[in-house]
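Asker: Sharing a structure with you now.
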């Protein structure tokens with residue numbers, strides 16, 4: 001006899017999908033292949049290493065996304081993954097990021113309402129080229145740790161974080177953002193055939209409960225949007241209540257909300273409400289390839305006024321740091337602050353200057369007194385700017401050992417400070433005798449336990 005959840009699920013979706021239901025259920029039940037998204041803004045060839053350990057297939061409909069055809073278990077052991085060059089995520093999860101960025105101009109100021117574990121936030125940061133400002137919110141203190149770990153690992157120095165109930169964000173950020181991503185918490189129907197917890201929890205009451213929360217969140221998010229700004233709403237669930245009906249609620253609630261057309265390249269909605277179905281995007285689960293997904297974009301009517309970014313100047317100490325280690329790097333809207341002898345870089349500190357953030361910027365160096373030591377995450381982020389006379393090329397075995405926190409041995413000819421494997425930046429080290437002392441922040445060793 002079939003499980004009760006399956007009977008109820010089929011009773012819900014067979015009448016809606018009709019002759020397409022069997023393909024729909026097959027797509028949900030198939031184990032999904034792993035995919036990666038490459039951080040293109042770093043201008044580092046991570047694919048060279050990956051193509052030696054696995055087979056990759058480029059997905060041309062998604063920016064910098066590749067399917068791992070085989071040996072996917074080896075990808076997480078790669079130097080590229082450990083140093084934040086690639087992020088493992090389903091291609092459909094990149095859809096709302098691509099949509100939002102298609103409406104953003106230069107130096108966008110954006111909000112990610114439900115950010116952890118950070119895949120979409122890091123993708124937004126990468127696609128901006130680390131320009132502008134992204135405020136990433138996560139209500140859960142546990143998930144906030146995973147978000148912070150990933151922001152540091154992936155070098156997202158234009159991101160600042162807050163931790164609050166998304167429904168309360170207008171109390172601080174009303175009419176503040178050019179763009180907002182609300183990847184809403186949902187009933188996770190996308191995983192129902194592959195996750196026993198979802199099977200045990202799923203029912204119509206849960207769907208309606210999540211829909212009520214989503215309506216509160218989208219109303220709050222829209223209030224945080226500037227005139228002319230764009231809100232992208234997305235979920236990884238399937239129900240009408242959590243998708244099309246949430247968009248209808250927003251449009252009914254606000255006369256100045258304008259639904260933007262997305263349906264050119266994606267499947268249409270399923271609500272039977274033409275003006276919604278023709279403009280939203282639905283991706284149906286497709287075998288082993290992609291998860292199902294829903295997205296919609298809404299603009300707040302009115303004249304758009306961009307933020308005025310202030311040109312900032314670095315102190316001599318900071319200028320010397322960049323000149324020595326990353327001479328080709330330049331950015332007109334950054335500031336470096338020091339806390340506990342560590343330097344942190346952020347973009348546009350004048351934006352939201354009175355807000356107390358949980359995290360702002362990226363740790364880029366440690367002031368060790370006589371010398372300024374680059375943080376390994378700054379080497380990962382700006383390795384493409386490092387000149388040959390600062391590079392020391394090591395084997396993959398040495399790189400793996402270094403990234404596990406161990407010192408490594410060297411020959412007497414070593415006189416460069418920054419380690420590279422196949423042009424992939426690995427980290428900073430200091431020579432003591434015939435040993436290269438490991439300068440990797442211990443955070444990246446302990447933090448692996450909280451990475452999602």
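Every residue gets a Cβ built from N, Cα and C, even glycine.
All TrEMBL annotations are machine predictions without curation.
Found this in TrEMBL, in case it helps:
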ACT_SITE  236  active site, nucleophile
BINDING   114, 115, 116, 117, 118, 119, 120, 138, 165, 183  S-adenosyl-L-methionine binding site
DOMAIN    1-301  domain 'SAM-dependent MTase RsmB/NOP-type'
Asker: Rounded to the nearest angstrom, how far is the Cα of the residue listed as 'active site, nucleophile' from the Cα of residue 165 (S-adenosyl-L-methionine binding site)?
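Answerer: On Cα coordinates alone, these residues lie 20 Å apart.
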Asker: If you count Cβ atoms within 10 Å of each one, which of the recorded positions 116, 236 comes out on top?
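Answerer: Answer returned by the neighbour count: 116.
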Asker: Can you tell which of the binding-site residues (114, 118) has the fewest other C-beta atoms within 10 angstroms of its C-beta?
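Answerer: Among the binding-site residues 114, 118, the sparsest Cβ neighbourhood within 10 Å belongs to 114.
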Asker: Just how spread out is the S-adenosyl-L-methionine site if you go by the largest Cα to Cα distance in Å among 114, 115, 116, 117, 118, 119, 120, 138, 165, 183?
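Answerer: So the maximum pairwise Cα distance among the S-adenosyl-L-methionine binders is 20 Å.
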Asker: Restricting to the same chain and to sequence separations of six or more, state which residues have a Cβ under 8 Å from that of residue 120 (S-adenosyl-L-methionine binding site).
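Answerer: Spatial neighbours, sequence-distant, of residue 120 (S-adenosyl-L-methionine binding site): 93, 94, 96, 97, 112, 181, 183.
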Asker: Fill in the CA-CA distance, residue 116 (S-adenosyl-L-methionine binding site) to residue 236 (active site, nucleophile), as an integer in Å.
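Answerer: So the alpha carbons of residue 116 (S-adenosyl-L-methionine binding site) and residue 236 (active site, nucleophile) sit roughly 15 Å from each other.
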Asker: Between residue 236 (active site, nucleophile) and residue 118 (S-adenosyl-L-methionine binding site), how far is it from one CA atom to the other, in Å?
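Answerer: Residue 236 (active site, nucleophile) and residue 118 (S-adenosyl-L-methionine binding site) have their Cα atoms 15 Å apart.
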Asker: Including all protein chains shown, what's the count of other C-beta atoms within 10 A of the C-beta of residue 165 (S-adenosyl-L-methionine binding site)?
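Answerer: Step by step: centre on the Cβ of residue 165 (S-adenosyl-L-methionine binding site), count other Cβ atoms within 10 Å, giving 12.
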